[in-house]
């Protein structure tokens, strides 16, 4: 963009870069040009012809109106967007587009916010001269999220280009010719992509609309409330569209630094869970094994009364890393004041040996900078499932030539060039050691042994070289994901990650799994960290210790132990053995009722004010948009009242902002760093020779209660059932086929399931998802299992 | 439609030697050789023609998928080509194809009479196949032989300046 030129649009002198399209310059200058097919994030198609303008260059007029989206600017260019010739061309195009468009605006979901309506009013004629028959197009079945009415389609191909260029799967196309042309998959396969919902926003007409909110409201009845997406650590900016106290739909807000103008389906459609019948609407108390709806006063007094009789040390406090900063801060303040240091929010981690040297597990750089990386090594992450939008940033980097390498217990599905090293968890460390060895790293202790034994192949060398080159220009990253965090040898993964980073010059970052995984450090909701990311005076028990050494009483906040804890069987055992279990939750279930003694109904994300800290460490505050159902109350209010019931000082906050401000003062100038405060010196856990290692990734639509209760998301192909994926060689060795029933034994836990032959699974592992129905019958996400045929 | 960031290829990981017959693979390879190696999907039209001829004149989804696999293309890109051009048939056809040009020069010189004649004499409209499975009639966009309009393409041969009687005779001569 060095050589700037000056062009003239509608008599106004505009600065432009040579080669830019006219429409991009006009958009920057605020000069309106109508368009349907043009989108700044997509390639130029120039097939709607709506942006025709009159132009001349160096005094020579272009013979015909030119499309502003596909005409690059040059010196001496003059453009008229509103001349008689331009207006005539625009009006004619509009007339053509409307020939086959049905006049069904009154029953169309897009009505009132339709680009076609707006542009027709602004640039079209007022009478149609077309009296012949209009064409009718059979609708496509694009799955549970996207409703189609293909007769309305004007063939702008934005959806086709989005799926090809951004999603990278090329599932949609324009088949047929002329008036037989239609947009679709041709073979009715539907679209299975985690970003598919964006084509609803892109569609300028009502051909693609949101199925879950179909026919629920008209655009002008909705009020928009700004909020922050609650399911991953991107913290995408969203807008909740509300009618009569109910969230009707969710749209993205554009922020180039965070989510650009995209939104993952998980964030877009999870609002459905807000109105689930499983919502908890009353405080409930179990007396002699029978549940009673009670008032808040009774419930909270009971909680305070029982907790006052239990010494702080005998308490266990587990908080969801999805809770707001305010809730996390108040909960830990409350229980620390009560003398209980056993507070944790890392629910899907089993190896806590690195606590003493850990830094805040954040991305290590601004989200948008991921695109500028030239080599990235991802350790233990099913990228697209865990981090849809971060995966999109990495895809952009890959398409610009970056080397993306992944070390995973199974082959992950990506839509860009990549190097994958797939092996069972124990061998993954060997793979990493090979990369470290290729870089000339030595390490210490057990890591040094691993590296000494490693034999780097050409593939390891290629990745090592790319990391080295990227490290030299400060554009290399090592990223640790949720599958690494769930591993019993997480510390070893971290040690190797930091070693590779050191010898290659790359930075280390983490892919935080939940919306507030970074925030828990600021809030101090950890056994070894207190508010403001300060070391705790008394280090309490971590999640694993709290469950393996059962406490007398537990306080659980914002999650379901059967689905959100790494080892549901151990959790159930500990909770069943406890005298008193209090669960603050937005949803109830028979499993919760079985283990709890008190259930406190708390507000879900659209119903409370709060703050989330995203992967890049950005604090984002949001307000509640709708009232929680029944007696449910925002979590921070519940904790404030509970604080007063406990006679804690200073629990007189008037608003969530008071809590936020107090915490912010506590945090002061908390700088996020990436270098650990010491050496990880792991003893690699080597269990007895094991038959198979279970790999329990959490499917994309099972990450939290809200998503699990969003019906439409559960009907998509990405919501996978409980099954056991086996590599063909493993299956052959055991004489198993797809469809066979097997009995899985993990520790004391036993569960029967169906075998699926899957070439993406590593030899020596069995892939059984976590976080979904039936997975609660098993143990830790990653751990030894044995099985037998039923 | 051009794509900004989509990888041009969708690499097929299966065994390409298991696709088609050896004869057909050789013929397709001859077409692929006409283009630079990284542009081998340019051979899609020729490949579809070869595959269609080998399959008795029509394509199926499965065959198009195989063409896509062979040329390392996304299947939808092949469907787009096959459904765009008139010379590909996606439904079963008769033993012969009779394609009547309907574009301007032929229309002015009586191609509509030919079409009306066909409909009355053989009892099928354009796009249909005679009940004995002998002939599929098609109405075709410009065949590019305007100077001798009206033009009819029968299988692979152009027949020019046709009258209904001359067309009948040609059809009678088909087996």
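Here the Cβ of each residue, glycine as well, is placed from N, Cα and C on the backbone.
All annotation found in TrEMBL is predicted automatically rather than curated by experts.
Listed in TrEMBL:
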- B:101, B:106, B:142, B:146: [2Fe-2S] cluster binding site (BINDING)
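Counting every protein chain shown, the Cβ of residue B:101 ([2Fe-2S] cluster binding site) has 26 other Cβ atoms within 10 Å. On its own chain, residue B:146 ([2Fe-2S] cluster binding site) has B:103, B:104, B:105, B:106 as residues at least 6 apart in sequence with a Cβ closer than 8 Å to its own Cβ.
Candidate binding-site residues: B:106, B:142. Fewest other C-beta atoms within 10 angstroms, B:142. The residues near the [2Fe-2S] cluster site, meaning same-chain residues not in B:101, B:106, B:142, B:146 whose C-beta sits within 8 angstroms of the mean position of the site's C-beta atoms, are B:102, B:103, B:104, B:105, B:107, B:111, B:143, B:144, B:145, B:149, B:150, B:151, in sequence order.
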